[in-house]
């Protein structure tokens, strides 16, 4: 690797280390949102939002880095993007088209959408980690990010359930969420088709993590800061 490539890699590693240390200091990474369980949560709504916003932003950063790494390693010149457009398993969710539409959406709807997106990714993230582990020559940068995203997605889901309970006391999220059915594509013996399936999944993860991050920041601004941010 040339000196420029080494410098860029070193910068990325330093950035990840700084972010990880920041999250650890804030009690976000490796610590449950409510250490004593959801029924004994003493964390304020403001703190819940602060932690959730940090985790969602972190997940989106990891998702973008993982997608870019996979694209560079496996997708150059393959045209996978044309097959990935509008083919996410969460496309059936009626999400706002852009930030402006999201700003006009009621906070209960935004919370329901965030919860639906997070729950819909539990299964694919589990299988993503399993299948990436079995790939030949997969970069550690992809596997480590996949593992971390799966863990952080669970923590963010827990945090959002706590937020829902404080914003709407007694509320229970019962809305159905999209079910992923793409495992056979990740396990096919056709390497080209398998790489295309991985590309599509990572593309969708990056897209949905961006939506979650946007909606959560809007909710934080609206509920905690009364839109004064």
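The backbone N, Cα and C atoms fix where each Cβ goes, and this holds for glycine too.
Feature annotation from Swiss-Prot assigns signal peptide to 1-30. What Swiss-Prot lists as disulfide bond is 34-41, 88-204, 221-229, and the listing cites similarity to another entry. Annotation comment: Swiss-Prot describes 56, 64, 120 as phosphoserine, evidence class similarity to another entry.
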*Going along the chain, which residues six or more apart from residue 88 (disulfide bond) have their CB under 8 A from its CB?*
200, 203, 204, 207, 208
*Out of the modified residues 56, 64, 120, give me the one sitting nearest to residue 229 (disulfide bond) by CA distance.*
56
_If you count other CB atoms within 10 A of each CB, which of 204, 221, 229 wins among these disulfide-bonded residues?_
204
*Residues with Cβ closer than 8 Å to the Cβ of residue 56 (phosphoserine), same chain and 6+ apart in sequence?*
156, 209, 212, 213, 216, 217
*Between the Cα atoms of residue 120 (phosphoserine) and residue 64 (phosphoserine), find the distance and write it as a whole number of Å.*
19
*So for residue 64 (phosphoserine), how many other CB atoms are inside 10 Å of its CB?*
16
*Inter-residue C-alpha distance, residue 64 (phosphoserine) and residue 221 (disulfide bond) (nearest angstrom)*: 24
*asked:* Can you tell me how many other Cβ atoms are located within 10 Å of the Cβ belonging to residue 120 (phosphoserine)?
replied: 22
*DSSP-derived structure type at residue 88 (disulfide bond), helix or strand or else coil*: coil
